[in-house]
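Here's the structure, in C-alpha cells; my notes come after.
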Amino acid sequence: MMRTLITTHPLLLLLLLQQLLQPVQFQEVDTDFDSPDDDMEEFEEYLEEFHRTGPTRPPTKEKVERRVLIEPGMPLYDRNYCNEEIMRKNVYHKQRCVTEHYFLLMQYDELQKICYNRFVPCKNGVRKCNRSKGLVEGVYCNLTEAFEIPWCKYESFYRRGYVLITCTWQNEIQKLIPHTINDLVEPPEHRSFLNEDGVFVIPP
C-alpha cells in the first residue's frame, strides 16, 4: 500500500511529510498583567511580611489604614464580619492567625490625635495607653478556631466605646503615630449583647 501511495501520489506524500517534519512552533503567551502600582506594592509588602522571620516591621500610616480602619459598608454587627475582613485585609502574623484584632470606623487623622490624649491603664494593666475622648464604632475579633492560615475562624463583636491605643515616635515625620489598638471599651449603657436567638442587639 505504501509503495502504491509513493508511485501514484508522490506530491501528496511530499506535502504530508513536510508538515510532519516542520518544527513545532509554540505561541508565545503574554503572562504580564496590568495591576495598579498601589495593589502590587501592597502585595509585595504582604509577601515580605508573610515570610519574615525577624522582628515585625514598625507600623506605618498605610499599614494602619489598610489593616485597622474601615469604611461604611458591610454592617458592623454581621457575625461573619471578622472572618471576611481579616481574610480580605490579610491580617496575619508570620503565617499564623492573630488571636484578636480590632476594626475601627474612623479616619487616620482622628486616630493619630488620640496619641496626644491623656494616659490610662491598658487592658492588661502593664502598659499605659492613650484613650479617645469620644465614642468610636468598631468590631472586636476573637480567634475561636485554628492557629494557622487559612483556617482562622473568628467571633465578631460590635462595639461602640473608647479606643485605647499605644503609640510610637516616628523620627521621619517627628510625630507620634498609632502602634497598636489595645481595646475598645464600651460604657455599660452601650454594651451590645446576644439575645436568645443568637442575634446581636445594639442598644440605642
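Glycine is treated like the rest: Cβ placed from N, Cα and C.
Swiss-Prot lists 1-26 with the feature signal peptide, giving sequence analysis as the kind of evidence.
Within 10 Å of the C-beta of Cys152 (disulfide bond) we count 22 further C-beta atoms, all protein chains included. The disulfide bond annotation in Swiss-Prot covers Cys97-Cys152 (among others).
Residues or ranges marked as disulfide bond in Swiss-Prot: Cys115-Cys167 (among others). The number of other Cβ atoms within 10 Å of the Cβ belonging to Cys167 (disulfide bond), over all protein chains shown, comes to 20.
For Cys122-Cys129 (among others), the entry in Swiss-Prot reads disulfide bond. Secondary structure at Cys129 (disulfide bond), taken from DSSP and collapsed to helix, strand or coil, is strand.
Long-range Cβ neighbours of Asn130 (N-linked glycosylation site) (same chain, at least 6 residues apart, Cβ-Cβ under 8 Å): Ile114, Cys115, Tyr116, Asn117, Arg118, Phe119, Val120, Leu164, Ile165, Thr166, Cys167. Here Swiss-Prot flags Asn130 (among others) as N-linked glycosylation site, drawing on sequence analysis.
In the three-state DSSP reading, Asn142 (N-linked glycosylation site) counts as strand. Among the features that Swiss-Prot reports, N-linked glycosylation site is placed at Asn142 (among others).
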By Cα-Cα distance, the member of recorded positions Cys122, Cys129, Asn142 nearest Cys152 (disulfide bond): Asn142
Whole-number answer please: how many Å between the C-alpha atoms of Asn142 (N-linked glycosylation site) and Cys122 (disulfide bond)? 18
Check Cys115 (disulfide bond) against DSSP and tell me helix, strand or coil, would you? helix
Work out how many Å separate Cys122 (disulfide bond) and Cys97 (disulfide bond) at their Cα atoms, rounded off. 23
According to DSSP, which of helix, strand or coil covers Cys167 (disulfide bond)? strand
Could you state the CA-to-CA distance between Cys129 (disulfide bond) and Cys97 (disulfide bond) to the nearest Å? 24
